[in-house]
Amino acid sequence: MRPRATTICSLFFLLRVLAEPAKNSDFYLPGDYLLGGLFTLHANMKGIVHLDYLQVPMCKEYETKVIGYNLMQAMRFAVEEINNDSSLLPDVLLGYEMVDVCYVSNNVQPVLYFLAQEDDLLPIQENYSNYVPRVVAVIGPDNSDAVMTVANFLSLFLLPQITYSAISDELRDKVRFPALLRTAPSADHHIEAMVQLMLHFRWNWIIVLVSGDTYGRDNGQLLGDRLARGDICIAFQETLPTVQPNQNMTSEERQRLVTIVDKLQQSTARVVVVFSPDLTLYNFFNEVLRQNFTGAVWIASESWAIDPVLHNLTELRHMGTFLGITIQSVPIPGFSEFRVRDPQAGPPPLSRTSQRSTCNQECDSCLNGTLSFNNVLRLSGERVVYSVYSAVYAVAHALHSLLGCDHGTCTKREVYPWQLLKEIWKVNFTLLDHEISFDPQGDMALHLEIVQWQWGLSQNPFQSVASYYPLQRQLKKIQDISWHTINNTIPVSMCSKRCQSGQKKKPVGIHICCFECIDCLPGTFLNQTEDEFECQACPSNEWSHQSEASCFKRRLAFLEWHEAPTIVVALLAALGFLSTLAILVIFWRHFQTPMVRSAGGPMCFLMLTLLLVAYMVVPVYVGPPKVSTCFCRQALFPLCFTICISCIAVRSFQIVCVFKMASRFPRAYSYWVRYQGPYVSMAFITVLKMVTVVIGMLATGLNPTTRIDPDDPKIMIVSCNPNYRNSLFFNTGLDLLLSVVGFSFAYMGKELPTNYNEAKFITLSMTFYFTSSVSLCTFMSAYNGVLVTIMDLLVTVLNLLAISLGYFGPKCYMILFYPERNTPAYFNSMIQGYTMRRD
């Protein structure tokens with residue numbers, strides 16, 4: 001503590017040189033315990049470079065601040081109210097000592113005055129735990145720069161300090177400022193309220209203007225950091241020159257203002273956020289009026305959000321919509337009358353225990369200025385006033401607890417700063433229906449309000465239009481705003497218009513808010529919660545049209561009974577089944593006749609039975625595929641059809657052998673007959689077909705699969721094979737080979753006896769099958785949609801009909817209509833005729 005005390009002692013010389021008598025009872029009220037008050041009754045923004053370190057500026061030479069006097073009156077009112085309250089600090093008189101700090105120009109001298117004892121001396125001690133300064137606590141000052149200056153002194157002595165409007169986040173550092181508390185929400189809450197306001201009205205293209213002091217720079221940086229995490233962009237940021245209203249601007253400063261307003265005119269952004277003390281804005285808004293910059297939305301920081309002097313520039317009503325962020329309004333009963341009460345008309349002050357005081361305790365024009373703005377102040381509600389009011393009450397309640405006043409009497413004793421500070425941290429009471437307590441950072445939970453400037457005679461000049469609650473971090477109670485636009489439409493401030501649903505953003509330039517809107521392609525969608533700059537592909541079972549924000553399920557396509565192609569194929573299959581069944585009955589009844597035996601005898605019944613089974617399998621092609629239906633499609637149906645084709649091929653070969661090869665190769669023919677050559681051949685072909693079927697099923701499986709229709713991606717084709725076309729080629733290969741073999745042997749037997757000459761019928765059946773299969777393969781090579789399944793089934797049924805009617809039909813015709821040709825004698829005569837022709 002010794003180095004710090006030495007520093008205080010050296011500065012204390014300044015205090016003793018500059019002390020002078022007090023002149024006005026506004027600033028002093030004697031009491032058992034004094035509160036120090038620091039208020040800006042006059043303001044000067046520029047540094048006082050002409051003063052040396054022994055000089056303190058005379059605040060009365062600067063511009064009067066009506067708001068500052070209003071806040072000082074709030075402290076006086078609170079102290080008077082507490083002194084008249086028998087339940088709070090009974091028999092204890094609370095006093096005050098208040099000083100005008102000229103905004104930032106006069107802070108060190110008042111704080112030294114408060115720290116000194118009644119003899120204006122600050123003794124150097126090793127331990128200040130038992131030191132009693134002039135005041136027990138300090139209320140103020142109002143801005144962050146001044147608060148930090150004062151807090152650096154007061155924190156050395158743990159003298160409680162409660163600021164009512166400083167919002168800098170640096171003040172939350174309790175290691176650096178252990179004795180500092182505040183009754184105003186921190187800067188990050190003010191910034192968040194602005195951001196939520198902009199998000200609510202979809203303003204993502206803004207301009208930021210800041211003052212050149214710490215307040216402007218810090219808050220501008222906080223806003224920039226917050227916007228870096230969101231979708232709001234800063235078109236540009238400019239620093240306003242520090243110009244006081246009663247000072248002449250330099251040519252450079254004037255040109256700077258002209259340039260800034262010109263830039264505002266040229267920008268497409270129509271929302272302007274301004275972080276600046278009110279005094280620097282007077283000349284700026286005069287330049288805005290001169291250049292007639294209209295149509296903007298001005299968002300005011302708390303430093304000028306409810307400033308009556310700027311509001312008095314009534315021509316601003318034509319410049320756009322003014323919105324401000326400020327502390328909630330809490331009406332204080334009786335304060336409106338007290339604010340304009342002449343202090344000389346009140347009760348005379350008690351004799352001071354000391355005739356010494358400090359300078360800057362006068363404001364001759366404050367009362368008159370307050371009277372001129374009283375209507376505005378009254379209608380606007382008590383906002384920052386309540387922060388001063390609650391700060392005084394917080395100290396009073398802490399002092400009440402420290403003095404043990406809970407039983408109706410107080411024990412008056414010396415109060416050490418650290419003792420009172422400890423009690424202030426613990427206060428928790430209700431004041432005008434609002435809870436007063438401090439969080440670990442020393443902040444009090446007050447919500448913020450968004451106010452709109454209005455200029456109607458009967459209107460609230462600062463009408464509340466929304467509330468911001470820091471704990472929930474959201475706007476509530478949003479009311480209609482009177483926009484200064486055509487038809488009262490909400491102003492638009494966007495670098496780019498919002499993309500429609502299903503459009504991605506293509507960045508243009510360096511700002512994420514500037515972009516082009518590109519439609520998402522079919523099959524993709526835009527998930528805005530994940531990425532607004534890239535369209536995502538739909539899942540494999542879903543699809544989307546162009547410019548969609550979501551995908552829809554693809555329609556599953558398979559043959560259905562209500563479709564016309566399915567009905568046609570079903571009718572053909574029914575016709576084939578009935579005709580084949582009729583042929584089977586006819587052949588059964590005429591089994592012993594030469595016509596049936598020449599057609600193959602028992603082999604015919606095998607073929608007809610397999611044809612019936614094949615017709616019965618046709619319904620498995622209709623409806624959604626299952627494992628069982630896929631098995632029938634891939635195994636049972638191909639096997640039946642292949643055996644039928646093999647029977648025809650073997651039968652053709654057998655007839656040729658009987659009439660042409662038996663005489664030339666008698667030994668081979670004898671083996672063919674002895675070892676049942678036809679059935680062995682058919683068994684071999686059947687086994688070969690079964691092997692190919694098993695290989696195909698092992699390669700592809702039996703579980704139904706889906707594939708996208710290449711002609712209509714909204715459709716997903718359900719099939720039994722992931723590679724339906726290649727599988728069909730593989731299964732058809734052996735059948736095509738057998739058809740070629742059957743056709744070849746039938747052609748070789750074209751000169752055989754008429755009753756055994758089946759070349760025409762086999763040629764018809766095999767040629768039809770070969771042609772239809774080749775056509776199907778050609779169709780499938782060019783088209784891979786759902787029609788492939790329909791064409792495959794149609795061709796299959798037609799091939800079955802070709803065998804049923806083309807091969808067996810003529811024989812039934814002969815049996816039924818030419819029975820005289822179905823006799824052994826007729827067949828023998830035909831064989832004899834063939835033999836005679838050969839000879």
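Note that Cβ sites are derived from N, Cα and C of the backbone, with glycine treated the same way.
Features of the protein shown, as given by Swiss-Prot:
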CARBOHYD  Asn84  N-linked glycosylation site
CARBOHYD  Asn127  N-linked glycosylation site
CARBOHYD  Asn248  N-linked glycosylation site
CARBOHYD  Asn292  N-linked glycosylation site
CARBOHYD  Asn312  N-linked glycosylation site
CARBOHYD  Asn368  N-linked glycosylation site
CARBOHYD  Asn428  N-linked glycosylation site
CARBOHYD  Asn487  N-linked glycosylation site
CARBOHYD  Asn527  N-linked glycosylation site
SIGNAL    1-19  signal peptide
TOPO_DOM  20-566  topological domain 'Extracellular'
TOPO_DOM  588-602  topological domain 'Cytoplasmic'
TOPO_DOM  624-635  topological domain 'Extracellular'
TOPO_DOM  657-681  topological domain 'Cytoplasmic'
TOPO_DOM  703-727  topological domain 'Extracellular'
TOPO_DOM  749-760  topological domain 'Cytoplasmic'
TOPO_DOM  806-839  topological domain 'Cytoplasmic'
TRANSMEM  567-587  transmembrane segment
TRANSMEM  603-623  transmembrane segment
TRANSMEM  636-656  transmembrane segment
TRANSMEM  682-702  transmembrane segment
TRANSMEM  728-748  transmembrane segment
TRANSMEM  761-781  transmembrane segment
TRANSMEM  785-805  transmembrane segment
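All features noted in Swiss-Prot, drawn onto the structure.
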residue	record	Cβ within 10 Å
Asn84	N-linked glycosylation site	8
Asn127	N-linked glycosylation site	7
Asn248	N-linked glycosylation site	8
Asn292	N-linked glycosylation site	11
Asn312	N-linked glycosylation site	14
Asn368	N-linked glycosylation site	12
Asn428	N-linked glycosylation site	10
Asn487	N-linked glycosylation site	5
Asn527	N-linked glycosylation site	12
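Distance noted between the C-alpha atoms of Asn527 (N-linked glycosylation site) and Asn487 (N-linked glycosylation site) is 35 Å.
A gap of 21 Å separates the Cα atoms of Asn487 (N-linked glycosylation site) and Asn292 (N-linked glycosylation site).
Mean pLDDT, taken over the topological domain 'Extracellular' (703-727), works out to 77 on the 0 to 100 scale. A helical conformation is recorded for Asn487 (N-linked glycosylation site) in the three-state DSSP classification.
Tallying C-beta pairs under 8 angstroms between the transmembrane segment (761-781) and each of 603-623, 636-656, 682-702 places 636-656 first. For the pair formed by Asn292 (N-linked glycosylation site) and Asn248 (N-linked glycosylation site), distance between Cα atoms is given as 22 Å, rounded to the nearest Å.
Counting same-chain residues at least six beyond the ends of the transmembrane segment (603-623), those with a Cβ under 8 angstroms from any Cβ of the stretch are 558-561, 566, 569-570, 573-574, 576-577, 580-581, 583-584, 587-588, 596, 629, 632-633, 636-637, 640-641, 643-644, 647-648, 650-651, 678, 682, 789, 793, 796-797, 800, 803-804, 808. You'll find the Cα of Asn127 (N-linked glycosylation site) roughly 50 Å from the Cα of Asn248 (N-linked glycosylation site). Using Cα positions, the member of the glycosylation sites Asn248, Asn312, Asn368, Asn428 nearest to Asn84 (N-linked glycosylation site) is identified as Asn428. For the pair Asn312 (N-linked glycosylation site) and Asn248 (N-linked glycosylation site), the Cα-Cα distance reads 21 Å.
Counted with DSSP, the topological domain 'Extracellular' (624-635) comes out as 9 helix, 0 strand, 3 coil. Taking the Cα atom of each, Asn368 (N-linked glycosylation site) and Asn248 (N-linked glycosylation site) are about 25 angstrom apart.
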